């Protein structure tokens, strides 16, 4: 983790440095004069490192170049700087798997197999809480053994992505099972803490053990979801460093594609479980003043909800003084349906209109003074009464207005064109502070994420599309720094297309979506 944090910060600083070099005549940072090639036999004859990560995951060597065998071999003076960076990227994947396996082992031996905990938990409760973690740990152990064997074959690591590919295809489906159970796992854990004081007491005591290093029980439970996501990012990091059109690029692309499939299946599993829970909760809160609309559907999920002000148009200045200009309404926006309500006592909502999402249109009003600031028109081409209806709605801020407009009418053009259309040089931003999404239309960010800016507001929000996975969402502009150098923006796009070039059909689909 320390190495990952350091390398992430270095990546941010490198982009900052490159971004400041705006002279078009400057030499590209990647243009280095190669030194004379050394005979490969000089490297191959060196003794391979005996790191034994599975048996000794407390190794103090976080970097490949810090290994005593590497230090004493002389290969650091032989290898090109780019090859050393690649070795570090591959070694990080191996050592982080060892650290992950150690933590999984602690979850099983320290928590799951604790005798006091076994007596407190019913068999069904334990099954929901720990799911198939034993299968996940067995897969990690087999994976780590193969990685360790590869590292021990030669002091210079030949490749690791071929191993990642084989294990992802043949074994990593256990992650989908584990991660899909996350919603039930979280609910069961909260319920046990609330209903069983003995459970709460034992967990608290186990968390205090020095072996846990101050980490909570729940942080161990979420490890598999974090790991499968991080593996994809680690392979992306390797892919950026391998030589183009090489065998190592080919295996990295294959591994990345398979990991992306597993990660998407995991995300979809989590979403499906949590969406079902959420839809049931919303259904219970709605009372229909109009003809009832069935809310719960396997293909429906919530995109955004919240309060807006509906304008009650005054006819005279006296009316404006004596009557509220706006009245509160509450919107539930699903992926295929809009429900318009008014909040009533008892945490209930009375539905007075609805429309399919595909029949919504939005229009921003020109600046009409303070009373009409952040106001937009929402048109329902066909509402619950099978007629056209319009609502003049006021948001609390410019960013909230734009967020509603983009959510209500997703095909409406944004301020900047998405990179997948390849039509313009889109503004970019790199994340310098991590961010956790607070609303369904927001995007969680990790350090060094690079995003295209699709839209921005005057009050500090950006609507962006992350390059490495094309996920879209809003986030505070203070979380990132805009990339001003067009060369660096072009380089970022090149790296992104390189990662996804093994799936041209997906890219064509994305481009088509953004041209609509």
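Quick reminder: no glycine exception, Cβ is built from N, Cα and C everywhere.
Copied over from TrEMBL, here are the features:
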COMPBIAS  1-18  compositional bias 'Basic and acidic residues'
REGION    1-48  region 'Disordered'
COMPBIAS  22-35  compositional bias 'Acidic residues'
DOMAIN    85-269  domain 'DH'
DOMAIN    301-413  domain 'PH'
DOMAIN    424-485  domain 'SH3'
Mind checking how the domain 'SH3' (424-485) divides into helix, strand and coil residues in DSSP?
-> 3 helix, 29 strand, 30 coil
Go ahead and report the DSSP secondary structure tallies for the domain 'PH' (301-413): helix first, then strand, then coil.
-> 23 helix, 53 strand, 37 coil
Confidence summary for the domain 'DH' (85-269), mean pLDDT rounded | 95
